[in-house]
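Feature annotations, courtesy of Swiss-Prot:
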{"type": "MOD_RES", "residues": "Ser32", "note": "phosphoserine"}
{"type": "COMPBIAS", "residues": "35-45", "note": "compositional bias 'Acidic residues'"}
{"type": "MOD_RES", "residues": "Ser39", "note": "phosphoserine"}
{"type": "MOD_RES", "residues": "Thr41", "note": "phosphothreonine"}
{"type": "MOD_RES", "residues": "Thr48", "note": "phosphothreonine"}
{"type": "MOD_RES", "residues": "Ser58", "note": "phosphoserine"}
{"type": "MOD_RES", "residues": "Ser72", "note": "phosphoserine"}
{"type": "COMPBIAS", "residues": "132-142", "note": "compositional bias 'Acidic residues'"}
{"type": "DOMAIN", "residues": "143-272", "note": "domain 'PX'"}
{"type": "MOD_RES", "residues": "Ser188", "note": "phosphoserine"}
{"type": "MOD_RES", "residues": "Lys237", "note": "N6-acetyllysine"}
{"type": "MOD_RES", "residues": "Ser280", "note": "phosphoserine"}
{"type": "REGION", "residues": "281-298", "note": "region 'Membrane-binding amphipathic helix'"}
{"type": "DOMAIN", "residues": "302-522", "note": "domain 'BAR'"}
Amino acid sequence: MASGGGGCSASERLPPPFPGLEPESEGAAGGSEPEAGDSDTEGEDIFTGAAVVSKHQSPKITTSLLPINNGSKENGIHEEQDQEPQDLFADATVELSLDSTQNNQKKVLAKTLISLPPQEATNSSKPQPTYEELEEEEQEDQFDLTVGITDPEKIGDGMNAYVAYKVTTQTSLPLFRSKQFAVKRRFSDFLGLYEKLSEKHSQNGFIVPPPPEKSLIGMTKVKVGKEDSSSAEFLEKRRAALERYLQRIVNHPTMLQDPDVREFLEKEELPRAVGTQTLSGAGLLKMFNKATDAVSKMTIKMNESDIWFEEKLQEVECEEQRLRKLHAVVETLVNHRKELALNTAQFAKSLAMLGSSEDNTALSRALSQLAEVEEKIEQLHQEQANNDFFLLAELLSDYIRLLAIVRAAFDQRMKTWQRWQDAQATLQKKREAEARLLWANKPDKLQQAKDEILEWESRVTQYERDFERISTVVRKEVIRFEKEKSKDFKNHVIKYLETLLYSQQQLAKYWEAFLPEAKAIS
């Protein structure tokens, strides 16, 4: 019985007969007559492993290896007499060996490699998720959380006054202490929340939704002016903008889990946000840093290895320009619609005055009713102007700011790449310095040079990982942003078309009701 392989004779190294074969086939197989002086270090050692495995394998395992032989018939049970038995083990013995005592693992490995194509067996170690799968994962992100901002309230007098908003949250998520709660927040609190989130997440490639822009003129009117229609209109615009901003924050899976967001929604009192004023020291420092980043961005020329990022960045820049042009046109439309409403109101007053001075009763009544129709139409124009603003102009304004944040994510990826390249250049200089020390035979400084090389090798590896991670995050964030943008535009455009349809239907209804009065004029 062959248990090792070092003391086996030539006859023992021959493959054993399969069950069901006649003795003649065994004799035919033994006709090779190898020399007795063969050593175990020669090429025939490959049959040693095969012979031992075959003696200790069950017929089921041996049969599973036979389909490799292209000349076998009936699953390898009936062999042709003139075929050499070595062909049966030509492929199987390549994967089997007795170097390890864990023969069961070798058998499983052999069966796996035989059943899979070579390329598939190599690539089956760690499957990488595709970005289509990442997009499907984003579709599963559904959060049962709704925030609302209501009741803007002016607190204080003069230039020290501020406006507080009621932030109401409804949710069934276990992250929060209750299902419904409300807190009071001022505008600087919203700005402070953005600063905290941006500081933590923007450097990692996340798209942090921006808050609405400051309006120094609008807030000055609210602080020192009386409560008129312009102040109420400004507060309503800001309230709606803050609500959209906060809803985008809680819709983001990463932002929702941030403790600063939960604190903003739940905590009764927040510490005063500092550095949010435009003319403060922190505000001026931010403006200076933005200018510095813009200059450094112009000096960085990135060798893009992934064409996807280059194409997406061009799409984002072109889309931002188009949205700016469209936003300017929509703002003009809003102003014209408001002007039309004012002119319609003046027209209605003039018709009413003319109707009251008319002697013809039928004509006087018709003019008076026409004035009433024009007053109703003036209300329609005013409502439609508001719809133009809140459903179109504000949507475009939000996405102009969001696209700027998307560009910032690409810029952050570029900075990470530049840091990686700078580290590689520094590592190359350290290696050159080590080579000069070796050439100059200065062993006292050589160890320090080696330590610096090890340190920079570690930095290069870490920076490369950072670049790969931020590339993955930016790609995933852009895919999510495009989905949210499509859904957002669809909802707003549908609502806008519904308002236009309602306005036209009401307009036709008013004129149809007035037509009999016009025909009744004698």
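Even glycines carry a Cβ here, placed using N, Cα and C.
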Number of other Cβ atoms within 10 Å of the Cβ of the residue listed as 'N6-acetyllysine' across all protein chains: 17
Ser188 (phosphoserine) and the residue listed as 'N6-acetyllysine', Cα-Cα, nearest whole angstrom: 16
Ser188 (phosphoserine): tally of other CB atoms within 10 A of its CB: 17
